[in-house]
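Participant: Before anything else, here's the structure in question.
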């Protein structure tokens, strides 16, 4: 039966029932059910089993060895999975089999003594070495790799095949940490079943296999063909039941007699619970899918709960886990059963989250999503409020701190993890709307929930391919549709409903056109993760049917979930007034307006968190009460982050938003408070700056590019200082908070020494440059004529390149530390997500390692700073003259221009600086990638450069919009006294020219 041209609900119901029937019909009372795809890794272990026949030793499963020979790739590897550790495992185990068969051909001497086998071993060895050399262990999440890979390498070494690779020490460090807690007497020889039983092959030569026989169920060890094969090879007595189990897997598993086996068989509970829960969550009712087979499948799950005393594993009578327990409980409760989750809570709840199984290394986002959904669908949901809030906080912490697409150790598609998070958090918000739970979260925590939900849906929408799919994949497209189905319910998407509907319709068309029978399934996607990756045709079809159900169902009252949170989303008309300005700029001109509207809403969701901390550094005394810039700052960052689908983490975005706010406020503070307080003794202000910053100074002394000679900052009308001590202390306190904001940030504290020195230098230069610019303004205003600035004998070129009061350099110094800390740094990511002590966080690596990359990075900073200064001055000639600020056009060189006017000259120089910035960044990219020694390192650096590009691109809209509308706040004291600093940068790094394409839109 195919899923083609499906338009009516009755047809979908028939297909859902048919899928359930197929699942039930494949069930064996003794062995269960499983449709998981085969794996070269487990097949290789099965091929290594030998048995005496009439006193003659023979390979027991020659068909498995034949499968390995038939499926070796030209490059010597096995498996086409994209995950590096998949290819390593699927190559290492078959290589071990080839080597042992070559050493001991037994009855396969015709095959094994052929010279072709030596060539195969040679190619496999070279392939494995390449894979190990490029392996990035820190980003590997596969379960058990830290014990399985070292064990395989040891077995290969015993065969004379030794491997050395860059990440070997790191691997063995992780391995040692895992085995430090390994006690076979407790973990394997006792009565309690642990997940280690699933990987017994990793303990060959370490454990006594005769002491684990009591854990055998249905002939297998935790439904693992490889573990069972290892047992057969190492037990002192032959086990016919274990042999029969492997024979059954070879016949009834997805290999269907061709010699291959999956990594797990049976997988009844997993596949049945995913089948039912997926269909039911998508809107199929118990009545829709009613059939005798539904009762059979549900009954099997119920019996597993009874046998497991309230929890279940992926198959009957094996170790329980939270994931399968939660999925099955959700499905059965939706079908009208009364399944308690009390035992799940008791067994799997830990301090900060729910663990999938005891002693897991890394927490699973998907398992906590499924746990949350199960908790939210309990009849007495309020009884589980502490556990619900724990899950919610964990999920938001995962999303908030994950750089790029979020992934999980049970499924490699980020769309799967995103789908589950969106489903779970949407249900949570719906429960809050219905008053089913007290809020329990503070303002910041609730804002984070809204941000994570919105980003999960929006980023999914933005990644849709032109053919309507995601990654040209049916299953992943189905995940995306289920995500967008939740987006239709959310109040944050009420201004984007038509775009959601269009995306879902296109995706449904793709799924219909590319659907096939289970029996004819082709080109399977190995996105699910076991020891190695696999696919489940049953689960794939369930998701596709669920997606079509969502696509063809009307949503009652769309766009209302979350309304009780009072998020204050502006009206569409008001939003469009803002985005109209941005849409005129070259950077965003080609984007659909709805994408800018979505980015504005995303930025708006950051405001509650920003407002909680906006006064942490500066109290806003004597500041302009109009904080219009606060509404725009988040938008500029979300818009550029979404524009090229960079998707830097919310943690990174928030830090950049707050840096923008604080930079802007510092500009006002240095003008309206510090500049006024010390107007008659600017040298005292410089001394105060030095006092505040000296404790942070990194030794050896950081080179400072704009230190000011004390004599140069004396006020021309200098007299004895008469500054109130309270005023001095106020400035000192604010300067200390400002310094701490930057230099006490974990990213700076954990940065390499050179990067910390850069951050310190730029904070120092920024503050001192403000003092110098105040002096320049004062000197200009004391001249007899104010048209030309002649008090300082400095050419314009040198002046514009020494203006560090522009926010670009200080932000650049901060980003130099922030990018290595938050971008492509799994160590920090795991620690923060796990809510672990900061003391375990290791130092970030250096931002730029070579002399060339350091040079080009500094050059990028200088050029973007120059662009900022030049184009801001171009747009503020009139305002600066009115407010008695020094402007570029006050320099005598502007008396003669080649371009026809002062503004045209500024534009020409701005374009020049822009071109220099582009050229420098291109050189920076090349130099950064050139010193990477592995593909994993190159990928990490590419990712970091992409995030650097967001920082640079955010310079673009500020300058362009600034000349359309001035968002700069001005203090009343400036107008009254005539003492002004620049206050030119609208939030953060302003530039009137895009770094990519087009010229600035300027008001003339």
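Just so you know, glycine gets a Cβ as well, placed from its N, Cα and C.
Dumping what Swiss-Prot says about this protein:
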type	residues	note
BINDING	667, 671	Mg(2+) 2 binding site
BINDING	667, 671	Mg(2+) 1 binding site
BINDING	872, 873, 876, 880	Mg(2+) 3 binding site
MOTIF	321-324	motif 'DXDD motif'
MOTIF	667-671	motif 'DEXXE motif'
Participant: What whole-number Å value do you get for the CA-CA distance of residue 667 (Mg(2+) 2 binding site) and residue 876 (Mg(2+) 3 binding site)?
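Facilitator: Roughly 16 Å, rounded to the nearest whole number.
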Participant: Under 8 Å Cβ to Cβ from residue 880 (Mg(2+) 3 binding site), same chain, six or more residues apart: give me those in sequence order, or none if nothing qualifies.
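Facilitator: Expected: 873, 886, 887.
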Participant: Take the motif 'DEXXE motif' (667-671) and average the pLDDT across it for me.
Facilitator: 90
Participant: What is the separation, in Å, between the Cα atoms of residue 671 (Mg(2+) 2 binding site) and residue 876 (Mg(2+) 3 binding site)?
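Facilitator: So the Cα of residue 876 (Mg(2+) 3 binding site) lies 17 Å away from that of residue 671 (Mg(2+) 2 binding site).
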Participant: Could you tell me which of these binding-site residues, 671, 873, has the greatest number of Cβ atoms within 10 Å of its own Cβ?
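Facilitator: Counting every other Cβ within 10 Å of each candidate, the maximum falls on 671.
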Participant: What kind of secondary structure is residue 876 (Mg(2+) 3 binding site) part of, going by DSSP in three states?
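Facilitator: Looking at the DSSP assignment, residue 876 (Mg(2+) 3 binding site) belongs to neither helix nor strand, so coil.
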Participant: For the binding-site residues listed here (667, 872, 876), tell me which residue's CB has the most neighbouring CB atoms inside 10 Å.
Facilitator: 872
Participant: I'd like the per-state residue tally for the motif 'DEXXE motif' (667-671) from DSSP, helix first, then strand, then coil.
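Facilitator: The breakdown for the motif 'DEXXE motif' (667-671) reads 5 helix, 0 strand, 0 coil.
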